[in-house]
Amino acid sequence: MPSNKMDKSDKPEVMDSVKVVVRCRPLNQKERSMGHKQAVSVDENRGTITVNKLETTHEPPKTFTFDTVFGPDSKQLDVYNLTARPIIDSVLEGYNGTIFAYGQTGTGKTFTMEGVRAVPELRGIIPNSFAHVFGHIAKAEGDTRFLVRVSYLEIYNEEVRDLLGKDQMQRLEVKERPDVGVYIKDLSGYVVNNADDMDRIMTMGHKNPFKFMSIYTICKAPPHKRGLWSGR
């Protein structure tokens, strides 16, 4: 989709590099009942994760540094404000932005990205970004007009499918054009008017039996102020 071609010197710092954020979840009830202990220590001020020494080995603890780290007691809104909000702000200024969650099964990806949508304080990055986008639109001054279009697709085993399309078995093709950049040919898109519309579309995509990974796209109009945000 089209995006602004801006001079590199004008880019905000947040867009200049990939930011790596680590969030460590707390032990669940089963793990606590089995006597397990937290395997890592988190220093949010220093941005470090220390892998604690195992009793069965003689190796010393190992410490790793990241852009931002969150401990087991971190709150959903804090995670959003410190990691995702700057990216969404840049998208609203016409830049491209990506939020990508990675981790093994059970590490908390879904909770971080989606959370519990019915409980405000437990909402994840995706629903918080919906509210953020339309909150920004509501505060816009003058005769600025916005167009928000959302798509939902999966990428699995290097195959791309439209989770909102009529033929969900159709394999889509990734294309590139000088005027619009990289895009998905024949990907369906829905114009939305509020965060609830986006939430309903996400729910529609969740019901698709082929859903493994997802990308949400948001476009802002007029054309010279158009951006793309994608998240998993």
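Indices start at 1 and increase along the chain as displayed.
Glycine residues also receive a Cβ, built from the backbone N, Cα and C atoms like all the rest.
According to TrEMBL, the feature domain 'Kinesin motor' maps to 17-232.
Long-range Cβ neighbours of Gly103 (ATP binding site) (same chain, at least 6 residues apart, Cβ-Cβ under 8 Å): Lys109. Per TrEMBL, the feature ATP binding site maps to Gly103, Gln104, Thr105, Gly106, Thr107, Gly108, Lys109, Thr110.
Taken as a whole, the domain 'Kinesin motor' (17-232) shows an average pLDDT of 85 in this prediction.
Taking the centre of the Cβ atoms of Gly103, Gln104, Thr105, Gly106, Thr107, Gly108, Lys109, Thr110 as the ATP site, the nearby residues of that chain (Cβ within 8 Å, site residues left out) are Arg25. Long-range Cβ contacts of Gly108 (ATP binding site) within its own chain (separation 6+, distance under 8 Å): Arg23, Arg25. Counting other Cβ atoms within 10 Å of each Cβ, the lowest count among the binding-site residues Thr105, Thr107, Thr110 belongs to Thr105.
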